[in-house]
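Copied over from TrEMBL:
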- Val228: FAD binding site (BINDING)
- Phe330: substrate binding site (BINDING)
- 14-427: domain 'Amine oxidase' (DOMAIN)
Amino acid sequence: MSRNTDVLVIGAGFAGLVAARELTRSGVKVVVLEGRDRIGGRTWTDSRLGQELELGGAWVHPLQPHVWAELTRYGLGVVPSPDARRFLVAAPAGILELTRDTALELLEQGLGGLVAEARDAFPYAFDPLFARDLVTELDLTSVADRLKMLRLGEDARVVIEAFCATGFQARPEEVSLAHVARLMALAQWDAATDLEAAATFKIQGGTRALAEAIATDGTATIELDTEVVEVTSHDEGATARTATGEVYQAKAVIVTVPLNALPGITFLPELPKPKRAAVEQGQPSRGIKLWARIRGPVEPFTGFASPTASPLSVAQYEYEVEGDSVLVLFGDDATRIGPEDHEAVQAAVRRWLPDAEVIAVDGHDWTNDRLSRGTWANLRPGQLTSVIPELQQPEGPVHFAGSDYATAWLGYIDGAIESALVTAARIRADVTGRRTAD
């Protein structure tokens with residue numbers, strides 16, 4: 001026996017929660033099916049290492065209008081990460097300590113060099129395909145292609161390689177140069193602003209506070225521990241079947257599952273070839289985000305290391321806990337290091353802090369989590385101009401929404417919210433119109 005609803009939302013991350021809220025506030029009946037035992041998707045606030053930590057997405061910025069509007073709506077503030085007093089570069093010749101201005105100058109040399117010829121391609125940051133011919137050429141170029149052309153000093157190269165490994169969670173040959181340029185356009189073509197947008201302002205109360213506020217601001221039914229494995233389109237809408245055999249009928253389905261996890265759902269009839277190709281290719285992110293508690297106090301710092309020399313490319317001081325220090329750490333390949341690799345984490349941290357004693361390590365392996373199969377989304381060469389426009393188009397009653405499919409801040413919480421708003425608006429009139437006709 002099946003259960004009926006107007007709209008079925010698969011996934012209770014920010015895209016799913018916002019879409020459900022928007023539709024239910026318009027009188028649409030919505031059921032949200034979430035495979036995890038919690039809401040939030042690839043954001044997850046949890047108590048670890050004696051501190052509330054963000055195991056997934058964390059940072060927001062005033063240049064991200066959709067998430068900032070949500071914070072305003074629910075009266076949530078932001079908490080800045082500590083200002084780094086030291087910038088440490090793990091260079092081949094040893095540890096190089098830089099001032100903030102010098103570190104940002106090196107980052108600007110690298111990022112500025114990458115996108116130096118890209119401004120004409122992105123005159124409007126929130127319409128990345130406005131100058132499509134120019135964007136297409138950039139999109140077929142990889143970050144590695146461009147890096148080879150830059151004449152950078154050794155220190156600047158370590159900084160940009162570390163920044164790219166952390167930000168894009170993949171090897172530079174796997175990342176589209178257009179993707180990098182688009183994000184720089186959103187950051188007003190300024191490396192310091194780009195860094196600020198990526199890792200400065202955290203949500204007061206954590207991402208959990210915002211997710212819960214959105215979830216309770218609508219009337220959708222949210223069912224946890226309910227993994228969808230099959231979606232069938234038909235003349236009346238679509239049917240979803242769960243891993244335990246439950247069946248749900250709806251006039252429309254919004255799939256907010258990350259791109260890399262879409263192979264876990266069978267679509268009937270099968271998706272058209274362009275969408276199948278996008279799903280098979282996936283997005284390149286397969287990195288890792290870890291947290292480490294270090295014995296004793298540490299002066300706030302940001303550390304950079306080349307991914308060719310270390311499995312962790314960026315470290316950042318975040319918290320003091322009972323006299324100890326808690327660092328957030330990033331690497332571009334989850335197969336190289338994980339939360340269980342205590343000795344490897346200590347060795348990597350000592351590239352910046354030679355005397356550091358790592359007491360404990362924690363984190364979540366999003367890359368080997370079957371419901372995500374990767375960290376935040378980035379784009380391969382060619383995907384900005386092909387995969388994203390394709391996946392933004394519905395397939396009959398089936399719609400795709402999420403951070404992976406956003407037009408602007410793809411890979412960010414803001415992108416998930418933007419995509420959800422667009423998708424909800426697209427299907428609202430159709431669903432309410434058909435419900436009235438019935």
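Placement of Cβ uses the backbone N, Cα and C atoms for every residue, glycine included.
Taking a C-beta cut-off of under 8 Å and a sequence gap of six or more, the residue listed as 'FAD binding site' has these contacts in its own chain: Ile10, Leu33, Gly35, Ala240, Arg241, Thr242, Ala243, Ile265. The Cβ of Phe330 (substrate binding site) has Ala165, Thr166, Gln169, Gly287, Ile288, Lys289, Leu290, Leu312, Ser313, Val314, Ala315 as same-chain neighbours under 8 Å, each 6 or more residues away in sequence. According to DSSP, Val228 (FAD binding site) is assigned to a strand segment. Mean pLDDT for the domain 'Amine oxidase' (14-427) in the predicted structure: 97.
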